[in-house]
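Some features that Swiss-Prot has for this protein:
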- ALA53, GLN54, THR55, GLY56, THR57, GLY58, LYS59, THR60: ATP binding site (BINDING)
- 40-219: domain 'Helicase ATP-binding' (DOMAIN)
- 392-428: region 'Disordered' (REGION)
- 9-37: motif 'Q motif' (MOTIF)
- 165-168: motif 'DEAD box' (MOTIF)
Amino acid sequence: MSKTHLTEKKFSDFALHPKVIEALDNKGFSNCTPIQALTLPFTVEGRDVAGQAQTGTGKTLAFLASAFHYLLTHPAAEERQTNQPRALIMAPTRELAVQIYSDAEDLAQATGLKMGLAYGGDGYDKQLKILESGVDILIGTTGRLIDYTKQGHINLNAVQVVVLDEADRMYDLGFIKDIRWLFRRMPPVNERMNLLFSATLSYRVRELAFEQMNHAEYIEVEPLQKTGHRIREELFYPSNEEKMRLLQTLLEEEWPDRCIIFANTKHRCEDIWAHLAADGHRVGLLTGDVAQKKRLRILEEFSNGNIDILVATDVAARGLHIPLVTHVFNYDLPDDCEDYVHRIGRTGRAGESGHSISLACEEYALNLPAIEDYIQHSIPVSKYNSQALLKDLPAPKRRYRSRSGNHQRRNNLSHRNNTPRNNRKRSG
């Protein structure tokens, strides 16, 4: 984590429980990020917080440290039952729930508090077995949480802390009715600590905070600009016919250590994956059609560096903390202006620099004016030489073949044209 991302405030400056401080110190966390420095003064006193902060700002650690501190300093009621979690953390996606759980493991080990996961699509009985043994902190998605609650496997009457992460995304995905259903099964708002975090504190998010929080403190951490001042943005205008070759040429020139390529549909993502896999890239595919176990494995391989390129729909654009992403490619300009910000926010995180490259093709170029109006600046345009694009590229890989990214990067470029690398660079 870059030092420029941190404040002068230290975790030890706050009255956090010693076990929380010890766990943070063991992981090398001493100084707070801005969102952490603003959140902790309120949460150590048990006060509610509604925070606005983009992903990559340290908000996960802010609410985890707050939740663990609260549970350690507020003992559970003597009549609490085994199936009653003390803290509930709700996330919009399975991947984000798993990420939060992973981030919390060191705190759980240091404090002795037990955790459980509840998300759909996989592991119903495995998750249930852990819950039946009793957990202090339950992290999950709303659908599976409601399922377990209706079946009587969990009871929310003893919840002392509730966290709603990515609240705006919850609205986008239509989960707000589920959230309200779960809130109605918990103790009254003044008998629990309530934390809400969102990339935007829109009217509808504030309305939810008013309903379900006890005089929440509103805190905001805004980047210097919506797209982040450490992200270098770049825009190309390819024809539909040259779009794929331009992408592959840019990948050849940039040779990113770790990049995400976003497209607007799963079919387009599959097509991109097929071309890159055939060209020898270590590439993974992340769409809604990919089985849950495989999705988690692909994310793990990407985070560990076994995959260099992740091709994804917007299912992966929000909430996931994937470190050291150097490049983001918008193969398609998104239809939603906010998605542009969330996509390129995968890079340039935690004080690091990043590079965003967007392709404004004939199909999606009409989305550009609204995006530039939303981010309040024009995206710098670069030109390219059509004659310098890579030629003789292999045919896309058949879709039934593995998409897991096990193919090694190419060791030779004998199938390329013979143009020297420096002469193939874009102009402009």
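Residue numbers in this text run from 1 along the chain shown.
Here the Cβ of each residue, glycine as well, is placed from N, Cα and C on the backbone.
Positions of the features from Swiss-Prot, shown on the structure.
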| residue | record | Cβ neighbours (10 Å) |
| --- | --- | --- |
| ALA53 | ATP binding site | 25 |
| GLN54 | ATP binding site | 20 |
| THR55 | ATP binding site | 22 |
| GLY56 | ATP binding site | 24 |
| THR57 | ATP binding site | 23 |
| GLY58 | ATP binding site | 24 |
| LYS59 | ATP binding site | 26 |
| THR60 | ATP binding site | 26 |
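Note: the motif 'Q motif' (9-37) comprises 16 helix, 2 strand, 11 coil (DSSP; helix = H, G, I, strand = E, B). Counting residues of the motif 'DEAD box' (165-168) by DSSP class, helix then strand then coil, yields 2 helix, 0 strand, 2 coil.
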